[in-house]
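Taken from Swiss-Prot, the feature NAD(+) binding site applies to 73, 74, 78, 151, 152, 178, 180, 191, 192, 193, 194, 195, 196. Here Swiss-Prot flags 73 as active site, proton acceptor, drawing on sequence analysis.
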């Protein structure tokens, strides 16, 4: 069977020696397969490779058939989100981090010679990960890369001081909340910040988003799962200095003022992730969350 993906990009986490070594190993393996390889600019600079083709993430998205991201979930999150803004390029994650919820291929010879080989031949399963976008007071001037989230959009207190929110869903009043903040999460993000705040785990293929209160000053506040077709309007009603901040996937903090409106809805773009043919999301949950471990 011929390869389905011929022009392959490699993206790694910068300044990590073990990632750079894996990038070099991966490059050599792909060369042996006769594939065309392009390495992301900063990733290439961290290696000892010479005379290699390099490109920016935008160029990779527009020129390559597939991108392999080497690193942890954070690096995968950042790279795949940015790649998806420019094209529908599929992404493969090789884990050189800690948990590996998103980077599902192991960083070893067996994974390269069997799992990665099969995926590049087209023998794979696909997950389409939805993303969220936001705007503040209907202002559309924020850079695209700073307004799209793969995991979550969070509005949080700057120094642990409570503030007030009023939430509308599809134009209808939903609830008021005072507390440390609110997380609006995709299914992908439901195993990240949202889970730490007590939210439910959503299957990545589920067409939902979840609103998770952060330390609400009420015993009645609970996570709320809604359709990902809904439009969420969040008003900042009051706060104690300093102002609350909005972040996407833990980055790009935006300071919010009283009476400002944050509108959140599903983004048009999705991240396409390739897995092995026998990939089972529940295996990942069981392994990473220790569901099968005996505690005593």
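Just so you know, glycine gets a Cβ as well, placed from its N, Cα and C.
Fewest Cβ neighbours within 10 Å among the binding-site residues 192, 194: that distinction goes to 192. Highest local Cβ density among the binding-site residues 73, 78, 152, 180 belongs to 152, counted as other Cβ atoms within 10 Å over all protein chains shown.
Cβ contacts within 10 Å of residue 196 (NAD(+) binding site), excluding its own Cβ and spanning all protein chains shown: 11. Annotation note: residue 180 (NAD(+) binding site) sits in a coil segment as assigned by DSSP.
Put simply, the two farthest-apart Cα atoms among 73, 74, 78, 151, 152, 178, 180, 191, 192, 193, 194, 195, 196, the recorded binders of NAD(+), are 31 Å from each other. According to DSSP, residue 192 (NAD(+) binding site) is assigned to coil rather than to any helix or strand.
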